[in-house]
Amino acid sequence: MTSLKDDTSAAPAAPFPTAFRWGAATAAYQIEGAAGEDGRGPSIWDTFCRTPGKVLRGDTGDVAVDHYHRFPEDVALMADLGLTAYRFSISWPRVQPAGAGAFNTEGLDFYRRLVDALLEAGIEPWPTLYHWDLPQPLEDKGGWPERETAHRFAEYADHVHAALGDRVARWMTVNEPWCAAFLGYASGDHAPGRVDPAGSLLAAHHLMLGHGLAVEAMRARRPDNRFGAAVNLYAVSPATGDPADADAARRIDGLQNRLFLDPLLLGRYPEDVLADTSRYGFTPPDADLAVISQPLDQLGVNYYSRHTVAGTPGEAAQTASSPFATNSPWPGSEHVRFVPAGRPVTGMGWEIDEGGLHEVLTRLHREYPSVPLYITENGAGYDEVPDDDGTVQDAGRIAYLDAHLRACHDAISEGVPLHGYFTWSLLDNFEWAWGYSKRFGLVHVDYATQRRVPKESARWYAGVIRRGGLPERG
Ligand code: IFM
């Protein structure tokens, strides 16, 4: 294979700061496989995948892209891309199979080997401690709606940190608590598949409490390490000027963005969201907010699209996180409809709106205390197949990444403290309820052979990294 770095570089038309992190992201359940190896315990996703009608075609993460065994090849691919940072997640059930009690040395050893390989290749490791794979025994005891789960998470995080904190400086606690809470416990589109709106609000609170407790414990050990969480944020617009649509936008912005940003960064819950959800008796203890609002060294922003919403009757858009979606993931605002705004969509049916990323970044800068920002996920899912000559043409993904990176560039020029960008994802992988039918990778994976082939977007991204910025607008 010719090296992805062979591109002869011209100076970028849109340069990024020299220290800007250029990364890619993945998550344990989506790539590792080896579900039954070396002492790993069952997670809620193992159970969910085996529940008929939950995951397209009955796909599972049992093998995924076999990263557990092929990580040296994958680190070599990252090096060839020129990545300076790699965001991955640590599988809680691999490290602590029952979610409490004994830790599994073999599981931790895998992450030691991975981290060592990354450091050897000059790539900064960015582990996330929770990307949705709760140990099943903890779900059997009530899962995230139970306060105890937050304490179990902090204990697990502390143990991993004790093992790796000498070689890993940057830590992310929870990934996309909105999805874990509301897709997991309100709509049931994700594991554990419960439809319990009141429980989903408690889950959201306990995910943030777990984050705060974990940061407290880890920071006490190594104040020099850097800690944060990754939230999935959206720009939100009303469909029309109708006051009912404005109210819908306020509600969805509240549940999607402010329900997480306000406790984390301001140490309070948004009053209007507490009012919107009051029918579910959500009254989080005030004392927890001091724990949740630990100073953050970095905020991870996962951005994919904009929500356009209406509070009035009409046509609804297909924006589902699952092909089987039926229940609402918006507790207290179940009546809100998501409507098409007419923009082009990715293969997920998600509207492409790089302006929304600029809006999210500048809003963070304007409305919240200054915290270093990183795009911890951004990318596009399609279902592309290789051409006869084996190349994978993914012009749609290149256009998506180019547009969103230009939005980042503009935001930085306007003073937004954005310090890095991790594209989702390094490799094609298990896309949750969609199984293997949607591909987000820069690198194509043939799931029958596990052969990896960098797509055209990988060559493009390697060029951006090499030049330190974007080429002239095409
Ligand atoms: O694949 C997911 C990832 O696990 C979390 N953020 C969104 C991605 C695309 O759906």
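Glycine is no exception: its Cβ is also placed from the backbone N, Cα and C atoms.
Annotated active site, proton donor per TrEMBL: GLU176, in sequence order. Taken from TrEMBL, the feature active site, nucleophile applies to GLU377. What TrEMBL records for GLN30, HIS131, ASN175, TYR304, TRP424, GLU431, TRP432 is substrate binding site.
Location within the structure of each feature annotated in TrEMBL.
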residue : record                    : contacts (Cβ under 8 Å, 6+ apart)
GLN30   : substrate binding site    : GLY61, ALA64, HIS131, SER425, ASN429, PHE430, GLU431, TRP432
ASN175  : substrate binding site    : ALA27, SER89, THR128, TYR130, HIS131, TRP132, ALA229, ALA230, GLY300, ASN302, THR376
GLU176  : active site, proton donor : HIS131, TRP132, ALA230, VAL231, ASN232, ASN302
TYR304  : substrate binding site    : ASN232, TYR234, TRP350, GLU377, ASN378, GLY379
TRP424  : substrate binding site    : ALA24, ALA25, ASN302, GLU377, ASN378, GLY379, PHE440
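Between the listed recorded positions, namely GLU377, GLU431, the fewest other CB atoms within 10 angstroms of a CB are found at GLU431. In the three-state DSSP scheme, TYR304 (substrate binding site) falls into the coil class. In this entry, substrate is bound by GLN30, HIS131, ASN175, TYR304, TRP424, GLU431, TRP432, whose most widely separated C-alpha atoms sit 18 angstrom apart. For the recorded substrate site, residues GLN30, HIS131, ASN175, TYR304, TRP424, GLU431, TRP432 set the reference point as the centre of their Cβ atoms, and the other residues of that chain within 8 Å of it by Cβ are ALA27, GLU176, GLU377, SER425, PHE440. In the shown protein chains, 26 other C-beta atoms lie within 10 A of the C-beta of TRP432 (substrate binding site). Summarising the environment of HIS131 (substrate binding site), the number of other Cβ atoms within 10 Å of its Cβ, over all protein chains shown, is 25. DSSP assigns GLU431 (substrate binding site) to coil, not to a helix or a strand.
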